[in-house]
Amino acid sequence: MELENIVANTVLLKAREGGGGKRKGKSKKWKEILKFPHINQCEDLRRTIDRDYCSLCDKQPVGRLLFRQFCETRPGLESYIQFLDSVAEYEVTPDEKLGEKGKEIMTKYLTPKSPVFITQVGRDLVSQTEEKLLQKPCKELFSACVQSVHDYLRGEPFHEYLDSMYFDRFLQWKWLERQPVTKNTFRQYRVLGKGGFGEVCACQVRATGKMYACKRLEKKRIKKRKGESMALNEKQILEKVNSRFVVNLAYAYETKDALCLVLTIMNGGDLKFHIYNMGNPGFEEERALFYAAEILCGLEDLHHENIVYRDLKPENILLDDYGHIRISDLGLAVKIPEGDLIRGRVGTVGYMAPEVLNNQRYGLSPDYWGLGCLIYEMIEGQSPFRGRKEKVKREEVDRRVLETEEVYSHKFSEEAKSICKMLLTKDAKQRLGCQEEGAAEVKRHPFFRNMNFKRLEAGMLDPPFVPDPRAVYCKDVLDIEQFSTVKGVNLDHTDDDFYSKFSTGSVPIPWQSEMIETECFKELNVFGPHGTLSPDLNRSHPPEPPKKGLLQRLFKRQHQNNSKSSPNSKTSFNHHINSNHVSSNSTGSS
């Protein structure tokens, strides 16, 4: 039994390391899998794609790179891209160097005598920016100038881009992105844990070698528990949120027995494991502060979409290979209608906010209470209203949440104690973060005085702890309890509508990011020599016919031999070819 676990872990670790070869986990046929269609095959896509500048040229990673490549071939536009890059660097510059970096940008791009002067930013706006720089430089100094540049680029340059070979290449990438996703898209590895409707296992995309976690939701288990709306809600929320601090959904597909969510893999274990199983319970304040800041950024991204998470607790915060965290398991998250409040007594005992326990209407406030619980537990080594391994009834824990004050030990600095008390204020209207400014108000608390959130959000700060790359931070394979077989539930065609809403294939932004991170984009995104069209982009150059398989070539040779002696062999030959074609397709999709 121990051998089975060792083998499963060894295979997983080898996959995480890229298989040890030059392909870094990619299939031998990865270029064939990601072969561009001929541009003539993309005409339907060209007609139907939403031609929105922000989506095509900024939000979508592959689109952003291709628009940049287009601009770099136009002498008048190259400086605009360089300006945007310089501002992005400015925004993550340490505070003490902002003035120096700001002056550099002003001189290079916003001074008329400069060879790369940005002509489309108005003189009044330049003067206002210069005045703010002299008074006190801030991260948002060039925001209005950036908006002005984008306003210009979304005009004539964008329309020229839509007629260029770079947009044609984007259509080819979109065509690949929209290809069907099945279980054969992935290699499957060991079980990592279990969710409410099925197991979670590690998997790897054959074409790119990228590792993910596959959350399997068993169809019969969903139907038996009437969990369709909950499963679809989680999928749609994951699809909507693109944050480096929340697990991302990359693919959604179905098999005969399950619906599958393919998510960011987090190999470093959860916060509960690290709080209680790595030496003395709890963290040094510096480490707790770093995780709290990243959790706060994740909440901010969710709240930006008007989504309240409602289940903050250590086991739902996962670490990646580098020690950064992400919020996971969005099963209880819900989107709040604009200008409305919701009601729902959901969450985990000891972490639910007073307004949730009292079944009152609320907005985003429960998440700031949950953040307070997490900061307290990371520092103290136990949750604020329940001792470690304390056996106590749910009603008693709820009473403590509603009526008692948390106790602070010597482990808390004054700033840490202050932020916890302000986040654990029982009246939601008085709670830190629950005013109009939301997360921005929490970021200004003295606890985060030395945290550069711009650099944190850009992934430029080193975590205080890095997980061991040779360790598998999950239970042994045989210790993960298996689900029992679901009996008395039959699947039929009435379930198909739900399955079709769920199984939508690749999610654009994560899929495109995967192509870039695994260097597939760099290797495949090749044009003709000296900026000319590659054959697959040449409309007058017909696409190559598909290569015939061995059986087809043999049948053709047989037909040629038979045709010399039999005038009626044509029908027989067509029958052979059609039979072989069906057989070949069946094999390819298995």
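Each Cβ is built from the backbone N, Cα and C atoms, and glycine gets one as well.
In the three-state DSSP scheme, D311 (active site, proton acceptor) falls into the coil class. According to Swiss-Prot, the active site, proton acceptor annotation covers D311.
Per Swiss-Prot, the feature ATP binding site maps to L192, G193, K194, G195, G196, F197, G198, E199, V200, K215; the stated evidence is sequence analysis. L192 (ATP binding site) falls within a strand when secondary structure is assigned with DSSP.
According to Swiss-Prot, the feature compositional bias 'Low complexity' maps to 561-590.
Residues annotated as domain 'AGC-kinase C-terminal' in Swiss-Prot, with sequence analysis given as evidence: 449-514.
Residues annotated as phosphoserine in Swiss-Prot, with experimental evidence given as evidence: S484 (among others).
The annotation phosphoserine is assigned in Swiss-Prot to S579 (among others).
The feature region 'N-terminal' is assigned by Swiss-Prot to 1-185.
Taken from Swiss-Prot, the feature region 'Interaction with calmodulin' covers 20-39, and the record attributes it to similarity to another entry. Within the same chain, residues 14, 168-169, 171-173, 175-176, 204, 206-211, 515, 518, 520, 524, 536-539, 542-543 sit at least 6 positions outside the region 'Interaction with calmodulin' (20-39) and bring their C-beta atoms closer than 8 Å to a C-beta of that stretch.
Taken from Swiss-Prot, the feature region 'Sufficient for membrane localization' applies to 546-565.
The region 'Disordered' annotation in Swiss-Prot covers 554-590.
Within its own chain, the motif 'Nuclear localization signal' (388-395) has Cβ neighbours under 8 Å at 276, 281, 349, 381-382, counting only residues six or more beyond its boundaries. The motif 'Nuclear localization signal' annotation in Swiss-Prot covers 388-395 and rests on similarity to another entry.
L192 (ATP binding site) sits 21 Å from D311 (active site, proton acceptor), taking the CA atoms of both as reference points. Here the CA atom of K194 (ATP binding site) lies 17 Å from the CA atom of D311 (active site, proton acceptor). Summarising the environment of V200 (ATP binding site), the number of other Cβ atoms within 10 Å of its Cβ, over all protein chains shown, is 21.
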